[in-house]
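Here the structure is laid out as structure tokens; the discussion comes afterwards.
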Amino acid sequence: MAEGLEVALTDLQSSWNNAQHHTEEISSNRLLVRRGQAFSITLYFRNRAFQPGLDNIIFVIETGPLPDLPKGTRAVFSLAGHRGPSPWIASLQTIGANSLEVSLCAPPVAAVGRYLLKVHIKSLQGPVTAYQLGEFILLFNPWCPEDAVYLESEPQRQEYVMNDYGFIYQGNKNWIRPCPWNYGQFEENIIDICLELLDKSLNFQIDPATDCALRGSPVYISRVVCAMINSNDDSGVLNGNWGENYSDGINPAEWMGSVAILKQWHATGCQPVRYGQCWVFAAVMCTVMRCLGIPTRVITNFDSGHDTDGNLIIDEYYDNTGRILENKKKDSVWNFHVWNECWMARNDLPPGFGGWQVLDATPQETSNGLYCCGPASVRAIKEGEVDLNYDTAFAFSMVNADCMAWLVFGGKEQKLHQDTSTVGNFISTKSIQSNERDDVTENYKYGEGSLQERQVFLKALQKLKAGRSPGSLRAESRPRSVPLSDSLRSLATPSLQPSDVVQVSLKFQLLDSPDMGQDIRFVLLALNMSPQFKDLKVNLSAQSLLHDGSPLLPFWQDTAFITLSPEEEKTYPCKIPYSQYSQYLSTDKLIRISALGEEKHSPEKILVNKIITLAYPSIVINVLGAAIVNQLLSIQVVFSNPLSEQVEDCVLTVEGSGLFRRQQRVLIGVLKPHHRASLTLETIPFKSGQRQIQANLRSNKFKDIKGYRIVYIDFGL
């Protein structure tokens, strides 16, 4: 009688398999594979060769704390040539003198996560012997046509799954600037932290067996991750802070990458990291989703609506100086807002709504009781299908709500203007395999002013009304703040008749680039388009804004009296000295200048405003010499104090995946007024290919002077 076959050693062929599965950047000595794609392992036997007719080999795979066959978190499948009931496949590759190479393949719908691989061997007339072969991690597979996250374009897969750096667009619609970001999804331990994040979710804590079984669905996974990036409901990754006090944490503007945030969350026993704002939430979510294998990109929407009462109208209130007023309700328009798009099939929706899906991890509103938003089909948003899952109505309002401006005076509210095009401008993301900005606004809505855009808006409004009880959809909301366009022509009163024609316009124009530390110089342009003389009184004001549009108190006011001859244009010069605005500036560096004009003996009001984002000079990064893997590389960082006053507590931070194994922090101390300095860092690159170096300089006066450099690292000999 033949003795039982004994396994002596298992080779998971991690290095070879990982290269085939596009996971070699994560590790070469741990097995990380993608579902729907075969991987090979080799079994080495202690006592004899494998005999096909004599030995029966059965594989067992398990994931989660409660593996279960019906739930799909446990599978048992044979090496036999015929397909069994399990969707997992094992096939014989080669038989050696004392070895056996086997190909295994997970179904393209398998749950992602950490798996245990076992084998049961039964030889003819012998006992069954069981062996634990090892662990592996299973990920989504955008290279597999049967996977729900399949993305056909290889350049898109390289950008949205494999690229570990990018740009997040900030500023305002008139001044869009790229902020470099280190996603670092393949850095050491990040995959383990991502899986830990899934296990810390409320879904897993309440019902771990069901949660693990559902991890094959990118729709489900994306909602879990979205809720876990913020900490409003759970021990999520980030605490949000939209105020001005960050003394017990990190100012969101200082972050340059996700790796430091995720590693801090893990190292502190999953205590939320302080602090994040929208771009930080979106960037960290991008890291997690790309790491898990779901194609993801970061999207910026300029003038982004936040409509809390679902009527697609965002109200804003001004006093008679043109100052925007704070309001107890939460409707607002953010100067810019950042979210994610993730690519996936949507079998839960009617055909045609798969592809890019909006996911917003910034905690704004609850969705099924948790602070998450999406996935909402981008196509559904464009077509006004706001009744489709998930949170499509809220996502629609972010890009296509209307704005209503009101004058509050003497206890009364006077309607000034309804603007249909304020919300949702220059929706931006990084281009594919390029460092340029890609405008994707047309993916979200039809052209402003077009008949299709208004038809979609009305369809969305009707669907929202149909989903509510009578009287619950109010005609007027009560918000907090809204940025208007640079110039609004004369704004109508509620009783204004169509026959009344707008005859005067106002517009702001900057005279210089708005650089931090310099005076802000601008003019108010007044144009009389009528054949009559016009006498105007214009109240001007300036106030700082927080990132979410919340206004701070005005720090500059002026009154102009302008007489215009028929068809005459005049300019009124204005200047806000640095000494006046510096002490009132928020870390967001946003200033709103406003003008409210009224004509003598006329009820007409003319409102105009402009948002200014103050700019810092960029850090300059120079790579000294050729960049080669495992060879010493010198990097020069040149930075300066842009202010005419001394700054203290200066710290320079530098990072970059594949170049630095950990974030570099250099204490600079004091920088004198307008002082320019440089330092040289040395590092040994450990990954080849195109990489990004990120740098940030902070002080007691500023927090986010940034710079970046793209560098190509050669593999060498």
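Even glycines carry a Cβ here, placed using N, Cα and C.
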Of the residue ranges 423-445, 469-491, the one that TrEMBL records as region 'Disordered': 469-491
Shell of the Ca(2+) site beyond ASN400, ASP402, GLU448, GLU453, same chain only (C-beta within 8 angstroms of their C-beta centre): ALA401, THR420, SER421, VAL423, GLY424, LYS445, ARG454, PHE457
Residue from HIS337, ASP360, ASN400, GLU453 whose C-alpha is spatially nearest that of CYS278 (active site), among the recorded positions: HIS337
Residues in the domain 'Transglutaminase-like' (270-363) grouped by DSSP into helix, strand and remaining coil: 15 helix, 40 strand, 39 coil
GLU453 (Ca(2+) binding site) to HIS337 (active site) - Cα separation in whole Å: 21
Cβ packing number for ASN400 (Ca(2+) binding site), 10 Å threshold: 25
Distance, ASP360 (active site) to ASP402 (Ca(2+) binding site) (CA atoms, angstrom): 21
Cβ atoms near GLU453 (Ca(2+) binding site) (within 10 Å, other residues, all chains): 18
Cβ contacts of GLU448 (Ca(2+) binding site) (under 8 Å, same chain, 6 or more positions away): THR420, SER421
